[in-house]
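Notes for the one structure printed next.
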Amino acid sequence: MGSIISQFCDFFEKIWQLIFEGKEKRLLMVGLNASGKTAILYQLKLGDAVSTISTIGFNVETIRHKNVRFNIWDVGGDQKIRPLWRHYYQGTDGLIFVIDGTDRDRIGEANDELHKIFDSEDMKEIPLLIFANKQDLPGAMRVSEIVERLNLYGIKNREWYAQGSCAIRGEGLFEGLEWLGSIFKAQRKKLLLEAYRRKN
């Protein structure tokens, strides 16, 4: 019995090192312009609010949280830039979609853009984290309302989670990353178990 356990542990360790040691998780963060994506990125990176202008192109930072390294790509959300989002899909491990909780007029537009992403073959089954941002402002839509307006309950074959956030104060941001971390951990366990079963 002890020999079997020892063999399993050795196998587990080798697979772990081969697949995951030092590997970053690549996250794509998009959303309509002025939703707060860049403010979120630098609050996570620097722990402080920074003044930002509308992103033309992208920003990228690596953030370590609870032994997971997240390589986060923040891509501009201006209408003319959105067709370029697809060039960032390949190799993405997780999607962060940021919603301006105060922008009721464009929630339908945000919904359309989100579901366009779902249609891409490169983004099928990629876990989705919604940041319902600007929750500190008067009149902001509650998370439950945003979930309903984005038709998230109709999503199939994709893990998703909606987290209220305030980029300026840093509220809800690491909670969102923790959810993504838990999803990646579950994926890791599934892969290791499948590899072990194939071996035996």
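Even glycines carry a Cβ here, placed using N, Cα and C.
Remember, TrEMBL labels are computer predictions, not curated facts.
Among Gly77, Gly94, Gly170, Gly172, the residue that TrEMBL places alongside Gly31, Leu32, Asn33, Ala34, Ser35, Gly36, Lys37, Thr38, Asn133, Lys134, Gln135, Asp136 at the GTP binding site is Gly77.
A gap of 9 Å separates the Cα atoms of Lys37 (GTP binding site) and Thr55 (Mg(2+) binding site). Comparing the binding-site residues Asn33, Thr38, Thr55 by how many other C-beta atoms lie within 10 angstroms of each C-beta, the top residue is Thr38. Sequence-distant neighbours of Gly31 (GTP binding site) (same chain, 6+ residues apart, CB-CB distance under 8 A): Lys37, Gly77, Phe97, Val98, Ile99, Asp100, Ala110, Glu113, Phe131.
Ranking the binding-site residues Ser35, Lys37, Gly77, Asp136 by how many other Cβ atoms lie within 10 angstroms of each Cβ puts Asp136 at the bottom.
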